[in-house]
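Under the heading phosphoserine, Swiss-Prot lists S92, S96, S511, citing a large-scale study or a structure entry as support. The Zn(2+) 1 binding site annotation in Swiss-Prot covers C119, C122, C142, C145. The domain 'Fibronectin type-III' annotation in Swiss-Prot covers 381-484. The feature region 'Disordered' is assigned by Swiss-Prot to 471-524. Taken from Swiss-Prot, the feature domain 'B30.2/SPRY' applies to 482-659.
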Amino acid sequence: METLESELTCPICLELFEDPLLLPCAHSLCFNCAHRILVSHCATNESVESITAFQCPTCRHVITLSQRGLDGLKRNVTLQNIIDRFQKASVSGPNSPSETRRERAFDANTMTSAEKVLCQFCDQDPAQDAVKTCVTCEVSYCDECLKATHPNKKPFTGHRLIEPIPDSHIRGLMCLEHEDEKVNMYCVTDDQLICALCKLVGRHRDHQVAALSERYDKLKQNLESNLTNLIKRNTELETLLAKLIQTCQHVEVNASRQEAKLTEECDLLIEIIQQRRQIIGTKIKEGKVMRLRKLAQQIANCKQCIERSASLISQAEHSLKENDHARFLQTAKNITERVSMATASSQVLIPEINLNDTFDTFALDFSREKKLLECLDYLTAPNPPTIREELCTASYDTITVHWTSDDEFSVVSYELQYTIFTGQANVVSLCNSADSWMIVPNIKQNHYTVHGLQSGTKYIFMVKAINQAGSRSSEPGKLKTNSQPFKLDPKSAHRKLKVSHDNLTVERDESSSKKSHTPERFTSQGSYGVAGNVFIDSGRHYWEVVISGSTWYAIGLAYKSAPKHEWIGKNSASWALCRCNNNWVVRHNSKEIPIEPAPHLRRVGILLDYDNGSIAFYDALNSIHLYTFDVAFAQPVCPTFTVWNKCLTIITGLPIPDHLDCTEQLP
C-alpha cells in the first residue's frame, strides 16, 4: 500500500492527487499545483492567462498550453478513480500504512467542511453552520432555518435532506467557460462537456454536439463492453497464472527431487570408486609384499653365492700361481670340481633374478570409465517414434505395425495402442480416452503384429517409447484390415458351370461332367449359380468381380436359406446386380430397379457392411456408385454368382478403397 500511495502522490504538494491533470509527457499534476506553477511564473503586472508554457516538475518536459490554459489539458479521470478507491480502502482498512494520518486528514476535512458549509438562508452575519442540505431546494440550512422553511407537511415532506455538503456538490458540474451554467450537452469535436451558451454563442457553435444521454449510453455501453472483455481477459490470465504457478511448483518439486537423486547417485558412485580404490590398493600392497619377499630371498641367495664364489675364486687364483706340477695336480682337481659346482648353482639362480617382479607391466587404465563419467547427464524421455505406414502389412484379421525411433538406444520398451477409427473428428477425443484403447505393453522390437481384428475395418495406432525418465507417443497412424477372403465353393456350383482349379473363376460349360446332387448345389434349369465358401455375419467387406466377356450374369449375396432352384434376387433371401444382354437391373424379392444410364462394366465392386445393413455395387474401374440396398440382416450372408455365358473371376481379401470408406467422409 505504501508503494501504491507513493505512486499516487503529487510531486509538488506531496499529497494524493486532487483533480489531476494528464500532461502530454504522460505525468500527472494537481490542477491547483499546476495553477500555482503558472502563478509563480507571472511577472508583477502579468495575468496567469498570459503564461503559455511550463515545465513538468517530474521530467522537465516543456508543456505548451492552448488558449484555454490549464482547462485545455485533459483530466486524468482514471487516476482520480484509482485515488478514490484507494482512499476508501485506506480508510476502511485497519492496518493501512497511513491509517493514522488519513484519520487525522479525514477529521480535519470533516471539520473544515462543517465550518465551510454555512446556512444559506440565515439573516445573521456570520451565518450559522448548516445541519442539513436540501437536495430538492439546492440550499443548506441551519437548524432554525430548516424548521422555518421545511415544516412537517406537504410538499416539504417530499424534499430530500442529506448531511450538509458544499454548494458546488449540490448544483452539479458547471460549465468551465460560463460559470453560472450547468453542462447539458457534449461537444463531440473537442470531446468535452459544454453548456447551451457554448453551443449558441461560444467557440463550440460550429462543432458537432450530442445529448448527454446519448453520449452517456454510448460511452457506458463501450465501457461495459471493454470491462467485460477486460474481466474475461483477466479471468483467462488468472487461469493461465494459476497454471504457470502450478507449473513453477512442479518444476521446483521435480528439480529438487532430481537434485536429491543426483546427489544420491553421485554419492553412490563416489562410494563405489572409494571401495574399488581400497580393493585395488590392497592388491597392489599384497603384490608388492609378495614380490619384495621373493626378491629379498633372491638377494640373500645371491649374496651367499657371491661370498662362496669369492672364497673359491681366491683359492683357485692361488692354485693357478703354483708352478710345481705335482702340487698343482694335487689341489687343482678338488678346486676344479668346486668351481664347476659353484658355476652350476649360480646358473640356477639367474632365471629367478630376471623374473618380471617390478610392476613394469602393471597399469591402471581408467580411460573408458573416465569417458563414461564425462558423459554423465540426466536422462530424458525418448523422442516420439514414427509409424512407417509404408512398411505396415495387413490381412483380414491382422495388422503388422512397423515404426522407427531416432534415439532407439535410450528406449527401454515400446507400448502399442490401437482402437477402431470412427471418423476424423474423434481422433483427439480418442487420444484423451483411455477406456477406448487396447494396449500391448513391453514390446522390445520395432514391429508388432496385432491379431483378432475386425475385417475391413480402419484402426488408429499409436506407439509410445518408454524409458526411466518417461514416455512420448507417436503421431496417430491409420491402418485398415483387408476384407474377408473367400473362394468359390465347387460343391455348390450348377452342373453346367465349371470352377477353376484355384476356385476363383467360374464359366458356363455345357460339356461339364455330371456332378452328384448335394443340398447346397444350384439345380434349377437356368439358375446357373455358384456360392462362395464363407458366410459373413459381421464387419465390412469388399471384393471385386472381373467380367470376362459375359453379357448375362448376376452378382450378389444370399442367405443360406435362399432357394437353390431360383435365380438370385427372385426371393426375399437374396440381392443381386444383374445384366441381361443390354439391360442392367438390381433385383430383390422379384422387384427390379433399372440402372440408368446403362454402365459398361468390366469390373464390379461389392461393398458389404453387415453391421450397418447395406450392400453397395460399384463400377470398380471408374469409381462410380451404381446402387445400394439397405438391409436389416437376419442371417449370415454368402457371396453368390450366376453366369449364363462366358466367365466371371472373383478377387477377394481386398482393403476397402479410400473413396468408399465412409469414415473418411466424416467431418
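Note: Cβ is positioned from N, Cα and C throughout, glycine not excepted.
Overlay of Swiss-Prot feature records on the structure.
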{"residue": "C119", "record": "Zn(2+) 1 binding site", "Cβ contacts under 8 Å, 6 or more apart": "A127, Q128, D129, A130, S140, Y141, C142, C145"}
{"residue": "C122", "record": "Zn(2+) 1 binding site", "Cβ contacts under 8 Å, 6 or more apart": "Q128, C142, E144, C145"}
{"residue": "S511", "record": "phosphoserine", "Cβ contacts under 8 Å, 6 or more apart": "none"}
Which number gives the other C-beta atoms within 10 angstroms of the C-beta of C142 (Zn(2+) 1 binding site), all protein chains shown included?
21
Reported in the order helix, strand, coil, what are the DSSP residue counts of the domain 'Fibronectin type-III' (381-484)?
14 helix, 46 strand, 44 coil
Whose Cβ lies within 8 Å of the mean position of the Cβ atoms of C119, C122, C142, C145, the Zn(2+) 1 site, other than those residues?
L118, Q120, F121, Q124, A127, Q128, A130, S140, Y141, D143, E144, L146
What is the number of other Cβ atoms found within 10 Å of the Cβ of C145 (Zn(2+) 1 binding site)?
22
C145 (Zn(2+) 1 binding site) in three-state DSSP notation
helix
